[in-house]
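Annotated in TrEMBL:
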type     : residues : note
DOMAIN   : 9-222    : domain 'ABC-2 type transporter transmembrane'
TRANSMEM : 29-47    : transmembrane segment
TRANSMEM : 59-76    : transmembrane segment
TRANSMEM : 115-135  : transmembrane segment
TRANSMEM : 142-164  : transmembrane segment
TRANSMEM : 170-191  : transmembrane segment
TRANSMEM : 203-223  : transmembrane segment
TRANSMEM : 249-271  : transmembrane segment
Amino acid sequence: MYPLSFFKQCLACLWKQNLSYWRNPAYNAVRFIFTTAIALLFGTIFWDLGRKVEKPQDLFNAMGSMYGAALFIGFVNCSSVQPVVAVERTVFYRERAAGLYSAFSYAFGQVVIELPYGLIQASIYGIIVYAMIGFEWTAAKFFWYLFFMYFTLLYFTFYGMMTVGVTPNYFIATIVSSAFYSIWNLFSGLFVPRPKIPIWWRWYCWICPVSWTLYGLIVSQFGDITTPMEDGTPVNVFVEDYYGFKHSWVGIVATVVVAFTVFFAFCLPLLS
């Protein structure tokens, strides 16, 4: 059916996407500059909050800084990738009709080319913010932070790609994706903790990707701190009682965040 094997189709699509991304500074260079600016902005606003755990409000501030930045940059990634994918999809339809490659090969190129760019973006943001907010400098906590930021940015990017694949054009894709932003924000568990959400709506927290990102960021940074706060409650006990976040679940949370990333990536060829 195709002139090349599936492996060579994937390499050809990846080669094409590499050239396309390299020649598109309006998308890539701008998002790196924007990420750096946002990292410096959040770092100065939440300067040295990572070490303050004396009061619940201190924890809320630190958690809000992590969550707000992840959500803000994630929304920007989702929105900025949609017009790029919309243009590429027009080319894809033409070349697929000519029998050059399959939908999975095309999706492979688009997904894989985002991996190094996403890693650079997460590293720029993670290093700057982690140092300025002043979280605990241990290798495990630092790399957990980078891990969750990296895969969060990836699944937001892949979600933006997926919405373009399932809608006629990127204008409608923007409307569809924006509708879920508010829902994800509401059920993230930050503003209304999961234990306080009515049980008939609590199921949505478990399928909301943003809630798993928040879970991972919080337990990886604060889930093992036994320092007592002003009222004598250890930090890790407060996190578990108030948010329902258990430090022992950090591996499960990481797996789920990766699963959301893979799910959105696989939806792209299926819906295109």
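All positions are counted from 1 along the displayed chain.
Just so you know, glycine gets a Cβ as well, placed from its N, Cα and C.
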Message: Counting a contact as 3 or more Cβ pairs under 8 Å, with residues at least 6 apart in sequence, do the transmembrane segment (203-223) and the transmembrane segment (29-47) touch?
response: no
Query: Against which stretches of its own chain does the transmembrane segment (170-191) lie, if we need a Cβ under 8 Å and a gap of at least six residues from its ends?
result: 63-64, 67, 71, 75, 78-79, 82-83, 85-86, 159-160, 163-164, 197, 201, 204-205, 208-211, 213-215, 243-244
- request: With a Cβ cut-off under 8 Å, give me the same-chain residues at least six positions beyond the ends of the transmembrane segment (59-76) that come close to it.
  value: 31, 34-35, 38-39, 42, 45-46, 49-50, 52-53, 121, 125, 129, 133, 135, 148-149, 152-153, 156, 181, 184-185, 188, 190, 210, 213-214, 217-218, 221-222, 235, 238-239
Message: At a threshold of under 8 Å on Cβ distances, which of 29-47, 115-135, 249-271 pairs most often with the transmembrane segment (142-164)?
response: 249-271
Query: Which bits of the chain, at least 6 residues beyond where the transmembrane segment (249-271) starts or stops, bring a Cβ under 8 A of a Cβ in it?
result: 102-104, 106-107, 110-111, 144, 147-148, 151-152, 154-155, 158-159, 161-162, 165-166, 209, 212-213, 215-216, 219-220, 223
Statement: Given the transmembrane segment (29-47), its same-chain partners at Cβ distance under 8 Å and 6+ residues beyond its ends are 61-62, 65, 68-69, 72-73, 76-77, 80, 120-121, 124-125, 128-129, 131-134
